[in-house]
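Record features (Swiss-Prot):
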TRANSMEM  22-42  transmembrane segment
TRANSMEM  58-78  transmembrane segment
TRANSMEM  99-119  transmembrane segment
TRANSMEM  174-194  transmembrane segment
TRANSMEM  217-237  transmembrane segment
TRANSMEM  266-286  transmembrane segment
TRANSMEM  293-312  transmembrane segment
TRANSMEM  316-338  transmembrane segment
TRANSMEM  353-373  transmembrane segment
TRANSMEM  378-398  transmembrane segment
Amino acid sequence: MAIAAPLKEKTVQKPGTTVYPILIIIGICHMLNDSLQAVIPAMFPILERSMSLTFTQLGIIAFTLNMVSSVMQPVVGWYTDKRPRPYALPVGLTASMLGILGLAFAPSFITILCCVFFIGLGSAIFHPEGSRVAYMAAGTKRGLAQSIYQVGGNSGQAMAPLITALILVPLGQFGAVWFTLVAALAVMFLMYIAKWYASRLGSLAQKSGKQKKTAENTAITKSVVSALIIIIFLIFARSWYTSAIGNFYTFYAMDTYHVSIQQAQSYIFVFLLFGAIGTFLGGPLADRFGKRFVILGSLLCSAPLAIVLPFAGPVLAYGVLALIGLVLMSSFSVTVVYAQELVPGKIGTMSGLTVGLAFGMGAIGAVALGALIDAAGLTPTMIAIAFLPVLGILAFLLPSDQKLREWHS
């Protein structure tokens, strides 16, 4: 508590300063939140055997988690843009904690879906408000701030393979109960964040008139709509590909390389770990070279690697997955900041739209890819999705960073 007063005083006196302690804490909370979500795909190999679920049913579980989060995130962002709710952050994590607790004891497929609904709802509340906190603490370093925030989430997702290998394989479904402790820790951190957030609202009240005027003067022109549509297509390409790897590459590795669940999960861990590193690097690169440059390079440079992956051997696959994760995910946080600058004054809405859309696209992809695997097999599906990053060529059509500044100057 000793740091609370100096921190508050510093942020009030110097609103343009990057508040690293808050960024680090909200990044840790993002990691804890997304580690709860990571329990779901981590549990797939366990549920597939213990409940005899099909790939389509596993896809429906992923769909429920991601679609609830996807639909609700823009709604939460829109609402809190108008009426900020600092304590929505701990409330959201409490909902996720209840979902995780129920998941540990769920006896049926339907019960699992109900528990996953609560986890998705908690995530939907957390993400736009967490992104807003990162924006408020960013100062002039928006790319770096969003990267710190998003790398926490990607690090949490990267825990899924470790969760499977170290907890769920030896303990089974009941092992999920330990993650109620993770949720409780996140709630404690978020209570502190909420207090800082509430204090910042007071100091920002003097600027609210100017920000409101900026938001009102930001016309949603055809050019803005066109840019948002392109962003949506790029999110689609990235989300479907990462959904395929995150949800189903474990089964591909087990089938193709004849490895155990634990060994197969190591491939996912490498992909997600380097994805987290890429997410962190993307923000500073965007601050230096421009957001459109990073978005374009991220997808186009990962395309040839994605095409090589289905033909790689068991050892080479580690390196290819690491490079794909590093390059492809470097645009994740950058896409959020680009959308926020595309429509200034709508921080929560744009964060909810882009991140929520990523969840939603991943949800649809999980169901579609699960059905495709059931119908065509694992290998043909992995070859087919390898061409998704090629859609990154659409980023050439995005307005440059300079053009965005001219639109809103």
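From the backbone N, Cα and C atoms, a Cβ is placed for every residue, glycine too.
Listed by sequence, the residues of this chain that lie at least six past the ends of the transmembrane segment (293-312) yet keep a Cβ under 8 A from its Cβ atoms are 234, 237-238, 241, 278, 282, 285-286, 320-321, 323-324, 327-331, 334-335, 338, 379, 382-383, 385-393, 395-396, 398. Here the transmembrane segment (174-194) sits against the transmembrane segment (22-42); at least 3 CB pairs are under 8 Å, leaving out pairs fewer than 6 apart in sequence. Under 8 Å from some Cβ of the transmembrane segment (217-237) lie the Cβ atoms of residues 295, 299, 331, 335, 338-339, 342-346, 354, 357-358, 361, 388-392, 394-395, 397-399, 407-408, all in the same chain and six or more residues away from its ends.
When each of the listed stretches 22-42, 58-78, 99-119, 316-338, 378-398 is scored by C-beta pairs under 8 angstroms to the transmembrane segment (266-286), 316-338 comes out highest. The largest share of C-beta pairs under 8 angstroms with the transmembrane segment (58-78) comes from 99-119, of the ranges 22-42, 99-119, 378-398.
Away from its own ends, the transmembrane segment (22-42) comes close to residues 7, 11, 61-62, 65, 89, 93, 96-97, 99-100, 103, 116, 119, 122-123, 126, 130, 133-134, 137-138, 145, 148-161, 163-164, 168, 176, 179, 182-183, 185-186, 189-190, 192-193, 196, 246-247, 265 of its chain (Cβ-Cβ under 8 Å, at least six residues beyond either end).
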